[in-house]
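Copied from Swiss-Prot, the annotated features are:
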type    : residues                       : note
BINDING : GLY165, ARG166, SER167, SER190 : NADP(+) binding site
Amino acid sequence: MTALLIDGNALSKTLRAQAAERAAALTARGHQPGLAVILVGANPASEVYVRNKIKACEDNGFFSLKDAYPATLSEADLLARIHELNRDPKIHGILVQLPLPAHIDSHKVIEAIAPEKDVDGFHVANAGALMTGKPLFRPCTPYGVMKMFEAHGIALQGANAVVIGRSNIVGKPMAMMLLDAGATVTICHSKTRDLAAHTREADIVVAAVGKRNILTADMVKPGATVIDVGMNRDDAGKLCGDVDFAGVKEVAGYITPVPGGVGPMTITMLLINTIESAERAAAAAA
């Protein structure tokens, strides 16, 4: 059996077209959705991510603002800029590209963003609200994964789901969203004693640790859905995920590729979160 591919590029295209329609409707009413992206330092990977986010905005009728600062920018100056953007009615989403230079406290920076403009969903107000199932914004990567399940009719209610990884950005919110959808969720991580014992029982596995081949074919239940959130490089320097794709695709029922799986969905959900913020702002102004 060869797994069916969950194509993140194709689903993204559909969702972005819907986002563009909503953006056009808002713009016609004088409320063009606006996203501000802040980059501090010259991390090459961060520069690529920021460029892709700005391009996605431009391609879909959003207003976008990119603030690029040297790595020497002080924490106080960064916080002052965030406070300015919090007050700017043209901006509906504020995103600070992580990681930040060591002298800047990323927790303090995220907490400075107004919760109603926290389109990454990282602010403690949104992270806490996710626990109750009522966040203003869901973190983009796990939100994108949930849209993939929805698009392919993958049943979550009663399913055994394993999330490998416990980060605040992917692992923890992914587990909460699966739990909210009725799955029985196990979170595994670097201290988990027997990872394979957990994954072999899982109907759904989400791998999100940033470690190549953490999930191999012998660890997967036949027919399971495997979502690969990892972004790594193989020995030849080629982009790969956390899953041994060649092996696992022969066992799984559904699988996401890397690249072209979860990655495009992350930026798409950033657009959706920004649209939702703009729609709330427009309704409040009406």
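Here, residue 1 is simply the first one shown, and the rest follow in order.
Each Cβ is built from the backbone N, Cα and C atoms, and glycine gets one as well.
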Which state, by DSSP, holds GLY165 (NADP(+) binding site): helix, strand or coil?
coil
Counting all other Cβ atoms within 10 Å across every protein chain shown, which of the binding-site residues SER167, SER190 scores highest?
SER167
When a 10 Å sphere is centred on the Cβ of GLY165 (NADP(+) binding site), how many other Cβ atoms does it contain?
24
ARG166 (NADP(+) binding site): tally of other CB atoms within 10 A of its CB:
18
Taking the residues GLY165, ARG166, SER167, SER190, which the record names as binding NADP(+), find the longest CA to CA distance and state it in Å to the nearest whole number.
11
